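Q: From Swiss-Prot, here are the annotated features:
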DOMAIN    352-616  domain 'Protein kinase'
CARBOHYD  57  N-linked glycosylation site
CARBOHYD  78  N-linked glycosylation site
CARBOHYD  127  N-linked glycosylation site
CARBOHYD  184  N-linked glycosylation site
CARBOHYD  202  N-linked glycosylation site
CARBOHYD  209  N-linked glycosylation site
CARBOHYD  230  N-linked glycosylation site
CARBOHYD  298  N-linked glycosylation site
SIGNAL    1-23  signal peptide
TOPO_DOM  325-623  topological domain 'Cytoplasmic'
């Protein structure tokens, strides 16, 4: 008996341990540069080929923002108490002509809706109406390079802690503590040099610490700002974390080179050698010229001619370079599908190296590739068995390349060599839906995201079936062929080009007999897929009890027993569920998987059901 108790205790410890590890994996990240980071960018923000994030350039009255692609859970799921969090990042502010402005902020916000926010002193987060409003629920740490007296700024080079507005509750001039000399040393924020920041919140002690240092210095023992602060009334269950910067009539380029974040534990440290380099600073302004005098006339004309000639030569060189790049990357265009050279595709994927492999399916393998420093692609490699198959596939590619819709993955072009075809797609950053549904390594999808994904897939299929010149059949509607972008919108991929290999559990009955895919077989597969999305399980799970092996039969039993709502994924928090939408989707799914293809709704009707513009037939869900 004692041994039994010991075994149980050990098992519990291991479960708790792996639960913590899993949670930590979901809420911890480290970015050396941002080329492959999962960021939601807006305004003037962009990622440069070197990997650094530019929030604003030196144009006036800009707002640039970049947030982590997923909201972060800040409450302990067991106690609902706020958790501790550390973050560290490296930034640089390069002033434009004249004085620098206005600054950047690290931000924790429940929403990414900053509509109406002003640039300049308001840092793209607030405006004159909502500044200081407790309903904002925003925490920011600002790095301000302009003194706004009306906002109680202490100087034009300070760090401040902001709650719900840009009037800081705590601020001080930018400096760092030198451990060797045991004194504070001034630090110019807009020096153009990289500065490292540590922001740490201890939930137990309700203490927020902010520490600064030059990039080449270790973390100081003493923080710059230390504020007793209970954030439980500010930070809600899930929040977005990221950066916001703004310019006004005075400007700066605001850069972020690296970012580390963690819930609980310790934020991962940077390897400084892996951080991207900053662009060269702008040359200083020349002093105003003296009034022209006659002896300078010939010299000025000569200089003007030299400048014009140099500009023309430079322009010709740039155009030549672009032309060479264009013709090297593309051989020709055939009916809308761009044809890439095999050398270009092979180089982009590292010779189809296994480290670039994204996944494999019945119809081909997918590889990640990089055409240019900021152009990431996905390449599908297909082997054709006959010349006729290859010819038919190329003809279909031309048609597919013309199909554009917000919920479909874009096909950029293709490459043909020997008996192989390579399809070049846009790369969708969050990859496939099945990773989120059937794995515990990623955050659990909220119901609001699942419902949006379902409607997105329906919209994509409706476009393929009825909104193109010639209807296109997908033939393989399943979770691994649905990709998610940075905002978790659905992007249906791998449509057309002979991908007629439906997965077990998704196959319509008539497809088994005829082998012919139709709009109705797509509808059947869609019905199974949306039940997977709601229930968080696969269509066929042989290890379950006999009555639960088939998802469709299990859901149908839920209808008959009056327990349909209990079929929903248990991992979704009940308070985030919309019961009416869950029931709507499951009942729509059952309509889509009816045995007779004539009894299944068209995708147009399915969209009307999901959008609430058409009522479901009354209790008519028997498959």
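Counting starts with 1 at the first residue shown.
Each residue, glycine too, has its Cβ placed from N, Cα and C.
Tell me what's around each of these sites.
A: Residue 57 (N-linked glycosylation site) falls within neither a helix nor a strand when secondary structure is assigned with DSSP, and so counts as coil.
For residue 78 (N-linked glycosylation site), no same-chain residue lying six or more positions away in sequence has a CB closer than 8 A to its CB.
Secondary structure at residue 127 (N-linked glycosylation site), as computed by DSSP, is coil.
Secondary structure from DSSP puts residue 184 (N-linked glycosylation site) in a beta strand. Remark: residue 184 (N-linked glycosylation site) has 175, 176, 177, 178 as non-local neighbours, by Cβ distance under 8 Å and separation of at least 6 in sequence.
Mapped onto three states, the DSSP output places residue 202 (N-linked glycosylation site) in strand.
Of all Cβ atoms in the shown protein chains, 17 besides its own fall within 10 Å of the Cβ of residue 209 (N-linked glycosylation site).
Taking a C-beta cut-off of under 8 Å and a sequence gap of six or more, residue 230 (N-linked glycosylation site) has these contacts in its own chain: 206.
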Q: What does DSSP assign residue 209 (N-linked glycosylation site), in three states?
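A: Note: residue 209 (N-linked glycosylation site) is in a strand by DSSP.
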Q: What does the structure give for the C-alpha distance between residue 202 (N-linked glycosylation site) and residue 209 (N-linked glycosylation site)? Integer Å is fine.
A: 8
Q: Measuring Cα to Cα, how many angstrom lie between residue 57 (N-linked glycosylation site) and residue 209 (N-linked glycosylation site)?
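A: Counting only the Cα atoms, the answer is 29 Å.
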Q: Would you identify which of the glycosylation sites 57, 127, 202 has the most other C-beta atoms lying within 10 angstroms of its C-beta?
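A: It comes out as 57.
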Q: Rounded to the nearest Å, what's the C-alpha distance separating residue 127 (N-linked glycosylation site) and residue 209 (N-linked glycosylation site)? Just drop the number here, would you?
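A: On Cα coordinates alone, these residues lie 27 Å apart.
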Q: For residue 78 (N-linked glycosylation site), which of the three DSSP-derived states applies: helix, strand, or coil?
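A: DSSP call for residue 78 (N-linked glycosylation site): coil, neither helix nor strand.
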